[in-house]
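Record features, source TrEMBL:
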type	residues	note
DOMAIN	12-417	domain 'Major facilitator superfamily (MFS) profile'
TRANSMEM	12-30	transmembrane segment
TRANSMEM	50-70	transmembrane segment
TRANSMEM	77-94	transmembrane segment
TRANSMEM	100-121	transmembrane segment
TRANSMEM	142-161	transmembrane segment
TRANSMEM	173-197	transmembrane segment
TRANSMEM	233-252	transmembrane segment
TRANSMEM	272-292	transmembrane segment
TRANSMEM	304-320	transmembrane segment
TRANSMEM	326-344	transmembrane segment
TRANSMEM	365-381	transmembrane segment
TRANSMEM	393-412	transmembrane segment
């Protein structure tokens with residue numbers, strides 16, 4: 001097949017990033033003002049944490065059906081369902097603007113968590129199907145960008161839109177503004193997906209993708225593909241290390257408001273800005289990682305270096321959080337975010353290399369299942385440790401698992417199968 005790049009590819013990846021952004025915003029919008037929603041609904045901190053953890057819990061049982069659907073029905077259907085559920089969940093939340101309607105907000109959040117299952121595993125698949133071999137890692141970074149930017153907006157906007165006031169009626173008014181804005185944006189993005197998002201370009205963008213598209217459909221078995229992945233020792237190591245790193249990030253994001261408010265009472269807005277700093281610096285890290293991988297193809301070395309930086313950043317953040325200087329927290333959080341968030345697209349792309357020609361949706365999905373499992377365990381574990389022994393003990397708990405992940409990453413072999421396929425075809 002003729003290899004040619006499509007001009008539509010940038011529109012597709014930016015649109016995906018946009019509705020992924022909206023979904024990620026809805027994930028963190030409760031946790032970023034945890035104390036305000038506790039007051040409004042009259043529930044515990046643990047109940048608000050579960051609004052965040054519902055995203056992680058829903059993903060685990062639904063990954064395999066959605067990954068199967070992605071392989072059988074393609075990208076467009078997955079994009080339509082994901083963006084539609086995202087909009088539906090946002091509208092349902094508008095029915096929860098009374099203190100006794102907490103179950104309705106849970107329902108809306110669960111619907112949004114279903115949408116996330118149709119979103120999280122897509123970046124590497126979109127990058128492979130639409131982009132050439134020299135830009136595939138950069139494209140994956142841009143696709144992951146949207147999700148990270150959504151978390152950043154979720155840290156920044158809710159503290160500004162919803163001030164910490166005592167009057168419940170006034171609080172409901174401010175919350176309604178945030179919910180209406182979210183629902184409007186989610187609906188507009190769904191309409192754009194219907195119009196713009198296509199299954200695949202007319203011509204394959206790379207030789208590796210041309211090989212996959214030329215393979216007869218009956219040769220592919222979804223179950224056999226999963227079994228092959230689970231027999232791939234390097235991928236299994238990556239799956240565990242990715243889960244450890246990303247699970248720490250999920251726990252840190254969910255509990256950030258509680259940590260900052262504990263040491264700096266009344267600083268809800270700055271707690272949101274610290275979360276924003278983590279994500280924005282991480283987006284810079286992700287983009288630099290993607291460009292670096294496209295230039296050098298040093299997947300193993302880059303992944304290990306970024307993992308070590310995540311561990312060092314977490315240690316520094318742990319021992320500077322309680323010093324009493326907010327500017328120090330901003331600096332250390334930025335250093336931590338640069339490496340920890342920058343690791344996310346690295347994991348997707350390294351997995352795609354280690355598992356070629358298996359579906360990127362399946363390998364990304366397994367990485368995300370690992371992340372959700374560790375995310376739930378770390379969020380509950382760190383939350384309980386913080387309640388009993390303080391924030392420093394909770395953060396040391398995360399540091400120990402990042403150290404374990406760093407050691408395990410060193411044992412992954414750089415078996416770059418996708419790069420070999422591209423080189424073999426060019427030589428042929």
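Using the three backbone atoms N, Cα and C, a Cβ is placed for every residue, glycine included.
TrEMBL entries are annotated by machine, without manual review.
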Stretch contact, the transmembrane segment (173-197) with the transmembrane segment (12-30), Cβ-Cβ under 8 Å, 3+ pairs: yes
Whether the transmembrane segment (100-121) meets the transmembrane segment (50-70): three or more C-beta pairs under 8 angstroms: yes
Stretch in 142-161, 326-344, 365-381 most in contact with the transmembrane segment (12-30), if contact is a CB pair under 8 A: 142-161
Closest-packing stretch to the transmembrane segment (142-161), where packing means Cβ pairs under 8 Å, from 77-94, 272-292, 304-320, 326-344, 365-381: 272-292
Recorded stretches the transmembrane segment (393-412) and the transmembrane segment (326-344) touching, at least 3 CB pairs under 8 Å: no
Winner by Cβ pairs under 8 Å against the transmembrane segment (326-344), considering only 50-70, 233-252, 272-292, 304-320, 365-381: 272-292
Long-range environment of the transmembrane segment (304-320) - Cβ separation under 8 angstroms, sequence gap at least 6: 241, 245, 248, 285, 289, 328-329, 332-333, 335-340, 342-343, 346, 392, 395-396, 398-399, 402-403, 405-406, 409-410
Other parts of the chain folded back onto the transmembrane segment (272-292), taken as Cβ under 8 Å at six or more residues beyond its ends: 28, 32-33, 137-142, 144-145, 148-149, 151-152, 154-160, 252-253, 256-257, 260, 298, 302, 306, 329-330, 333-346, 349
Folded-back contacts onto the transmembrane segment (50-70), same chain, C-beta under 8 angstroms, at least six residues removed: 27-28, 30-31, 37, 77-78, 105-106, 109-110, 112-114, 116-118, 120-122, 125, 222, 226, 250, 253-254, 359, 361-362, 365-366, 368-369, 371-373, 375-376, 379-380
